[in-house]
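Chemist: This is the structure, below, for whatever I ask next.
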Amino acid sequence: QYLLKVCCFSRQPCQYNILTRNNHGAFLIPYILFLIIAGMPLFYMELALGQYNREGAATVWKICPVFKGVGYAVILIALYVGFYYNVIIAWSLYYLFSSFTFELPWTNCHNSWNSPNCTDPKLFNASVLGNGTKYSKYKLTPAAEFYERGVLHLHESRGIHDLGLPRWQLSLCLLVVVIILFFSLWKGVKTSGKVVWITATLPYVVLFVLLIHGITLPGAYNGINAYLHIDFRRLKEATVWIDAATQIFYSLGAGFGVLIAFASYNKFDNNCYRDALLTSTINCVTSFISGFAIFSILGYMAHEHKVKIEDVATEGAGLVFILYPEAISTLSGSTFWAVVFFIMLLTLGIDSSMGGMEAVITGLADDFHLLKQHRKLFTFGVSFGTFLLALFCITNGGIYVLTLLDTFAAGTSILFAVLMEAIGVSWFYGVDRFSEDIQQMMGFKPGLYWRLCWKFVSPAFLLFVVIVSIINFKPLTYDDYTFPLWANRIGWGIALSSMILVPAYIIYKFMNVRGTFKERLAYCITPENEHQLVAQGNVRQFKVCAPFTFFS
């Protein structure tokens with residue numbers, strides 16, 4: 001159950017968005033490199049950290065109390081993500097309900113939500129686009145109008161300043177999603193562990209079915225060829241490396257406190273090294289195989305509309321809720337394929353959302369015993385709270401709120417939090433001590449490769465990504481809509497609200513311990529179970545090791 005839950009969280013229903021933007025095989029080279037030097041080491045570190053200390057994301061920092069703010073930061077980030085992530089699942093549920101018809105509602109222009117300019121895809125040709133517009137950006141197809149006008153009602157909003165009221169249909173779908181999550185989590189791992197037996201395995205079955213069917217479609221070969229073609233000249237582009245770093249980081253799910261929370265329920269002698277290698281490999285192999293399913297459909301769409309692969313390739317909701325449904329609508333037995341596809345999205349989304357909420361609940365319940373004693377009530381409070389705040393994302397202009405949260409809530413902030421986590425474990429708690437902990441659990445120490453990655457390579461990698469994400473920031477947009485300056489400021493405020501918890505707690509902790517400056521510092525960086533040694537002046541962190549002992 002534990003391995004299934006970790007795999008569940010690591011797989012995201014929209015984790016292939018960057019892959020479709022970089023529709024070339026050269027992307028796989030930095031992707032695999034970053035998996036080896038950063039993804040797997042950080043994944044392994046979090047599993048070992050949670051399993052040894054048997055605590056959530058906040059209380060696990062009893063190993064170095066001054067870094068407890070990192071735990072609160074990742075819990076807050078996971079909570080932010082829950083506000084809008086459940087909305088995406090609600091969209092999937094809405095699409096699933098809409099699929100139970102003989103004719104899918106996004107196949108023609110004869111519906112109440114369609115505009116007069118809606119273009120029947122059967123009459124579509126490349127000349128309709130004009131002015132170099134990509135097909136993926138053409139918003140007058142039945143599938144695009146169903147999503148933006150039938151589901152979101154985006155045409156009734158003038159921008160983020162004009163949200164309107166929540167749509168009652170989406171509100172009901174969101175309520176169903178939250179109820180499912182609550183009953184999956186209210187008894188902790190006893191219930192969530194049983195749920196994942198279905199939600200973890202079903203997407204693999206569906207993915208296999210979609211893959212087999214996708215590669216038989218006309219034009220699929222061209223799509224797969226574009227996916228695997230390696231253009232080494234693209235490796236000179238900085239964006240390819242940045243996107244690969246971002247993709248591997250988010251697809252593995254390190255830093256959200258989820259891996260620590262799940263691992264805290266393990267047996268003390270569980271082989272988390274094997275788990276780290278196995279689950280991260282399964283995740284990335286799944287991503288690779290899913291690329292074939294996606295690009296076979298992209299090739300098919302390009303063939304149908306006589307355009308280039310790059311003209312149909314898109315990312316984000318456009319891939320999941322416009323392009324793929326449109327492709328499905330052209331297949332024989334389209335209703336069946338639509339139901340299967342959205343069941344897969346629904347189960348993937350619930351899996352990931354369960355992981356995020358578990359991180360919040362376990363992280364705070366382990367820190368505040370009152371919450372642990374009333375876990376069911378606390379779980380209800382978290383679920384109901386996310387439901388209320390998610391209502392902002394299902395208004396007419398809700399997509400603007402969701403885009404804002406998706407960009408800022410777990411962007412630079414989560415990268416910063418994991419950077420501080422890596423520094424706290426490797427440089428303050430110490431790689432040697434951490435290696436000794438792992439030896440106590442499994443009977444062997446991590447090899448030199450892992451220790452080098454934890455201490456040098458992974459922190460450097462994270463620092464690079466954090467700096468680049470800040471430097472490359474551009475004012476937020478959604479299609480042709482540019483967010484006002486005040487919205488960008490609110491976004492950065494949301495990002496800083498979690499990041500500020502790290503230095504804030506460092507100051508709080510330092511000011512609330514007694515003693516001289518050196519004693520205060522010692523109490524802050526010494527594990528709580530060794531605080532008695534501080535009074536004796538025996539502080540391990542103050543001792544400088546002989547050169548090169550790290551490599552022994």
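Cβ coordinates come from backbone N, Cα and C, glycine included.
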Chemist: Among Cys64, Cys118, find the residue that TrEMBL gives as the disulfide bond partner of Cys109.
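Modeler: Out of the candidates Cys64, Cys118, the one TrEMBL links to Cys109 is Cys118.
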Chemist: Please identify the stretch among 28-49, 70-97, 322-348, 377-402, 408-431 with the greatest number of Cβ pairs below 8 Å relative to the transmembrane segment (490-508).
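Modeler: The stretch with the most contacts is 408-431.
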Chemist: Given the transmembrane segment (168-186), which of the listed stretches 28-49, 377-402, 452-470 has the most Cβ pairs that are under 8 Å apart from it?
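Modeler: That would be 377-402.
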Chemist: Nearest to Asn283 (Na(+) 1 binding site) by Cα distance: which of the recorded positions Cys109, Cys118, Ser352 is it?
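Modeler: Its closest listed neighbour, by Cα, is Ser352.
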Chemist: Any idea what the Cα distance is from Cys118 (disulfide bond) over to Ser352 (Na(+) 2 binding site), rounded to a whole Å?
Modeler: 35
Chemist: Can you tell which of Cys109, Ser251, Asn283, Ser352 has the least company, meaning the fewest other C-beta atoms within 10 angstroms of its C-beta, among these recorded positions?
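Modeler: Least crowded of the recorded positions Cys109, Ser251, Asn283, Ser352, by Cβ count within 10 Å, is Cys109.
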Chemist: What does the structure give for the C-alpha distance between Cys109 (disulfide bond) and Leu348 (Na(+) 1 binding site)? Integer Å is fine.
Modeler: 31
